[in-house]
């Protein structure tokens, strides 16, 4: 529940008195019964209901609304989610609304002091004393779970700062917000001047040529969607062109469908949902905007997994990503943000003990030889040479504030500031996926608990699950994989079909954008969103076990047609 306060101006003109009932009626028509304009009353006023019967000591109605192209209820009873959605969708609209005075509002004199109260379903949320009599402004307060209202009003303040007394502007800008990410004190949304410059050109003049592209973004993006979204930006200034640039610059392989877009912050998935919802649906098997994700990190629910043949399964790993709430994601974060993420991550990881006790190694102080060895051993992420990463902006300032933390046994690792804020990995040689998954679940829980103790949460919502940079990783963010030798099966005509039916995917020996060496493939779950961690690892365990049996049959010269599974 959001805790909010307001600064208000009393409507003293006869025009406003006459218009209040009309505005309330328009609100009800637009938003349904139970809605209304923001209800305000003075300390001495009567607060009888939210239906228009509030009054101050002089009997004047005290309903105050905001103009944002249309009259909107800043907070309505019984329709909270609807209003939040509307506010969220309004965030990136140009802030060119007229001042309330132009609509008949008058400011109180500075001598007048009023206590403003906002109620939701007859519950007082918070209050603030207003001695300046400013125009109606809703301000998100401590504990707010919705940044929409906050940013909406910060944008209004920016747009009208020359019209406002300097005191309230400076107070507004300097006030610290405690929103579970207190270390991020950038109050005002970042401006994207380059995006504003591009608006000098028509949408069709800016629309990218996607005629030879094979990625989910190119499949979904139309000129209509581009025109609708191109002038929007998130609170940190991330734009539609930022979202799609990696997909524009990388047409993709004719037979390999990539995603073609990334998020720059948590809000990207909301602001650009007209593009990203269809991309998510296309990538995640028809996942709908109304669907809810599920989580299961109870390793005891995994069946089997400790008996994969080590003669074929060379190594096993489970990894996921985590994003720290309140910080821009790697394609968009600043140097300061990236360094802050590194600092808090090192502090959190340093308290791990037992089998998880380890040390952090920053890339900046690591020798090239050590880096190359860690990469060769599959412990460390590669240098940012993949076009998918570089075109998305994730290689900026490399290797500043990047590094790897691992336990003493090198079986539990955390990458810091690669594609995501954190990549948590459990791995070991051989085919004991059960042990790998156990370590993964226990270690991940410890990390999350440690971050929470320092008042840092991870980005998560019930629809998308864990929010990460690439839409392909939404949900669990989990990739349970094995390096497995399949020289015979990989040349079989139905190898790709078998993978599809098992809901698995393959990569080369060195990972994405690499080829197989000696018939060794990196086989992992294809799904991330809509199914749980246990379900996804179970698919890998069962599928790899079956493919190893197929490989053994082919080695003997036997047919495998009868072993090809039905679609999972």
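Just so it is clear, glycine is given a Cβ too, placed from its N, Cα and C backbone atoms.
According to TrEMBL, the ATP binding site annotation covers 315-319, 378, 423, 479-483, 507-512. Per TrEMBL, the feature domain 'Phosphagen kinase N-terminal' maps to 198-285. According to TrEMBL, the domain 'Phosphagen kinase C-terminal' annotation covers 312-554.
On the structure: features taken from TrEMBL.
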residue: 315; record: ATP binding site; CB count, 10 Å: 19
residue: 318; record: ATP binding site; CB count, 10 Å: 28
residue: 423; record: ATP binding site; CB count, 10 Å: 22
residue: 481; record: ATP binding site; CB count, 10 Å: 26
residue: 507; record: ATP binding site; CB count, 10 Å: 18
What average pLDDT is reported by the model for the domain 'Phosphagen kinase N-terminal' (198-285)?
93
DSSP helix/strand/coil residue counts for the domain 'Phosphagen kinase N-terminal' (198-285):
42 helix, 6 strand, 40 coil
